[in-house]
Amino acid sequence: MIEFKDVGLVYPNGTEGLKNINVKINDGEFVVIVGLSGAGKSTFIRSINRLVTPTTGELIIDDENILNYSGNKLRMLRTKTGMIFQNYNLVKRSNVFKNVLAGRLGHTGTIRSIFNQYKKEDVALAYESLHRVNIAEKIYNRADELSGGQQQRVSIARVLTQQPKYILADEPVASLDPPTSHQVMTYLKKINREDKITTIVNLHFIDMAMEYADRIIGMRAGEVVFDGPVSEVSESTFEEIYGRSIREDDLRGGAKES
C-alpha cells in the first residue's frame, strides 16, 4: 500500500510541486492521475520512488516512511518500483534483449551485469516478458531501429523483467499515435490484472483515463482536487480538474484495438 500523509514538496527555486497531499492507494489498483501540464502529476508519481523527494509530510510504502530512506533501502525501493517514461529511457545503441535484461540490474548487481553474467532464470524471464508484449521478434534489433510504440513495449517488458510490486508510468502515451496509445494502455491494464501489480499512470487524455482507470485522481497546481472511482467521473468533473472547458486536444481519440 502507498499512502501520502500531508505530503508537500517545495523546489529550491520556491515553486510548490505538491501541496498537502493525502492519498491512499491500495494494492492491485489501476490509478490514473490526470491534470494539465504543470499540475503536479509527474512530481506526485516520481516521489513514490524518490526521483524527487518531498520536503514535508510522510510517504508510507509497505508500512515504512520512504522519505527517511537512503543507500541500500532506497535501492531496494527502486528495485520493487518499475518506472515507464514518456521518452522510453532505453539504451539506443543496445539491442532489445539487453535493454530488457537491464530490468534485472537491481537483483543482479552491477559487476555481473557488466559482464552479462545473468542467471538462466533472468534470461528466461526476459524472453517471457518480450513475448507478453508481442515484441519478441525484435529481440536482436537495436532500440533505435524501433518505432515509438515498439520502444514503449520494450520498456514495459523491461519493467516486467524487474518483477516490481508497483508500476509507475509517467505520460507513457504522450508521444504515440492513438492506436498505439491504446495498445500500450491495454498491455499495462492486462499486466495489472494478471500480475496484481499496483499501477499508477499519468495521463493528459481524459477519454483514455475513462477507458482504462479503476480510479481517477485529478490534480491542479500541486493539489488533489478530485479522487474517486471512474464510475463517479463526468465531463464536468474534468472541467473542474482542468479549471476550464474540455478541448479537442484533451482527447486522444482512436479506437481501442480488439
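Including glycine, each Cβ sits where the backbone N, Cα and C put it.
Record features (Swiss-Prot):
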- 2-246: domain 'ABC transporter' (DOMAIN)
- Gly35, Leu36, Ser37, Gly38, Ala39, Gly40, Lys41, Ser42: ATP binding site (BINDING)
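Counting only same-chain residues six or more apart in sequence, the Cβ atoms lying under 8 angstroms from the Cβ of Ser42 (ATP binding site) belong to Asp170, Glu171, Asn202. Within the group of binding-site residues (Gly35, Gly38, Gly40), the Cβ with the highest number of other Cβ atoms inside 10 Å belongs to Gly35. Most buried of the binding-site residues Leu36, Ser37, Ala39, judged by other Cβ atoms within 10 Å, is Ala39. Sequence-distant neighbours of Lys41 (ATP binding site) (same chain, six or more apart, CB under 8 Å from its CB) are Ile33, Val34, Gly35, Asp170, Glu171, Asn202, Met219, listed in sequence order. Same-chain residues with CB within 8 A of the center of the Gly35, Leu36, Ser37, Gly38, Ala39, Gly40, Lys41, Ser42 CB atoms, the ATP site residues themselves not counted, are Met219, Arg220.
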